[in-house]
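Q: Look at Swiss-Prot and you will find His26, Asp177, Ala178, Lys179, Arg243, Phe244, Asp252, Arg258, Lys259, Ala275, Lys279 tagged as ATP binding site, backed by sequence analysis. The Mg(2+) binding site annotation in Swiss-Prot covers Asp28. For Glu54, the entry in Swiss-Prot reads K(+) binding site. Annotation source Swiss-Prot lists L-methionine binding site at Glu67, Gln110, Asp252, Lys283, citing sequence analysis. The region 'Flexible loop' annotation in Swiss-Prot covers 110-120 and rests on sequence analysis.
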Amino acid sequence: MLYICNKRRLFMSNYLFTSESVSEGHPDKVADQISDAILDAILEQDPQARVACETLVTTGMALIAGEITTSAWVDMPEVVRNTIKEIGYNSSEMGFDWQSCAVMTTIDKQSPDIAQGVNEGAGIDLDQGAGDQGLMFGYASNETDVLMPMPITLAHRLTRRQAQVRKSSILPWLRPDAKSQVTIEYENKIPKRIDAVVLSTQHDESISYNDLKEAVMEEIIKPTLPADMIDANTKFFINPTGRFVIGGPVGDCGLTGRKIIVDTYGGKALHGGGAFSGKDPSKVDRSSAYYGRYVAKNLVAAGIASELQIQVAYAIGIAQPVSINVNSFGTGRISDAAIKELILGNFDLRPKAIVQQLDLLRPIYRQTAAYGHFGRSDVEFPWERTDKIEELKSAAGL
């Protein structure tokens, strides 16, 4: 009997996996939201605009730079200030606020050498080509109802809840900057329990550390995390330095595109390195990553695999991908090669087709720029649709 128990244990695989999220008031996320707010303002007037907008935020200043080709006119300082105001930096006591911060802009046009590879009817490939070379990943897993990894899903819920209780004045001493981190214990690839939770939230001077810890536990952590995943051994770290008054762009310089793992799958899937925010959908860094999620999510929702990762790579100016790779991590009901054929037969991976299928030439990007681009339950994104399930089941013979 002892031998049998030991043998069973030998084949069981327990491990920990951790993902983090940051709030909308985190300096890098402030930058992302400003870049995407500018993108939305331009797309509202000119859906065919080419936008690559980068933002830097620091004490008392926001700097906007990049390459933009458009017929639209946008009051960028106004967009920047409104975004900062909506996030919640509304007092000079924070060292960064929407009324007094300086807004500087330095914008050029898109390079014509790049444009001829992207414009339909121009360049060597007359179809609309990829805006750059690169590799993008899409991923889905059935371990949560939104078909996302559990660690990043719960981490995002914590930072969203922090913003809710701050903006509704349930905890009026909270400030916009916050970070969360969730560690899940897996057994044979199945989430079993929450092993550790870290939540650091900016606050004003009025709250004591003990009162803050109690309030964060009762108003943010307990209402957010599933009680059946928490046990006596779950560890909680609430503002573990003891103080977090200085935060936001005063505490750290923020830049667009520095939270690419927070934006995607929390490290559970691979990442090609390209950021999303501030880029119009002709940039495959963004549109192909969204489409990769759409492909993977539909395949998992169809029951073809319980976990799936797809890699797609492009050459600048060329419409068709140069490579496609599929990994079902041994969970596929058909082979990875067969899944690849399903993808090629049921999804069009050319940049123009992606934009058309997902209807991406719309001002929908500001809302992607905090709390993750994938697996959202608070907003509806076209790449989260599961409208290919029956088609894929039929094609797979399931």
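Glycine too: its Cβ is placed from the backbone N, Cα and C atoms.
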Q: Determine, to the nearest whole angstrom, how far the Cα atom of Ala178 (ATP binding site) is from the Cα atom of Lys283 (L-methionine binding site).
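A: Between the Cα atoms of Ala178 (ATP binding site) and Lys283 (L-methionine binding site), the distance comes to 30 Å.
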Q: Just jot down the residues in the same chain as His26 (ATP binding site), at least 6 apart in sequence, with C-beta under 8 A of its C-beta; none if empty.
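A: Long-range Cβ contacts: Asp177, Ala178, Lys179, Gly248, Gly254, Lys259.
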Q: What are the non-local neighbours of Asp252 (ATP binding site), defined as same-chain residues 6+ apart in sequence with CB under 8 A from its CB?
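A: Result: Pro27, Asp28.
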Q: What does DSSP call Lys259 (ATP binding site) in the simple three-state scheme?
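A: Its secondary structure by DSSP: coil.
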Q: Three states by DSSP: which one describes the residue listed as 'K(+) binding site'?
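A: Strand, per DSSP.
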Q: With an 8 Å cut-off on Cβ-Cβ distance and a minimum sequence separation of at least 6, pull the same-chain contacts of Glu54 (K(+) binding site), or say none.
A: Ala31, Ser35, Ile64, Ala65, Gly66, Leu255, Thr256, Gly257, Gly278
Q: Checking the spread of the ATP site as listed (His26, Asp177, Ala178, Lys179, Arg243, Phe244, Asp252, Arg258, Lys259, Ala275, Lys279): what is the longest Cα-Cα distance, in whole Å?
A: 36
Q: By a 10 A CB contact count over all chains shown, which of the binding-site residues listed here is most packed: Asp28, Glu67, Lys259, Lys279?
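A: Selected residue: Lys279.
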Q: Hey, which of the binding-site residues Ala178, Arg243 is the loneliest by Cβ count within 10 Å?
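A: With the binding-site residues Ala178, Arg243, fewest surrounding Cβ atoms within 10 Å: Arg243.
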Q: For Asp28 (Mg(2+) binding site), which of the three DSSP-derived states applies: helix, strand, or coil?
A: helix
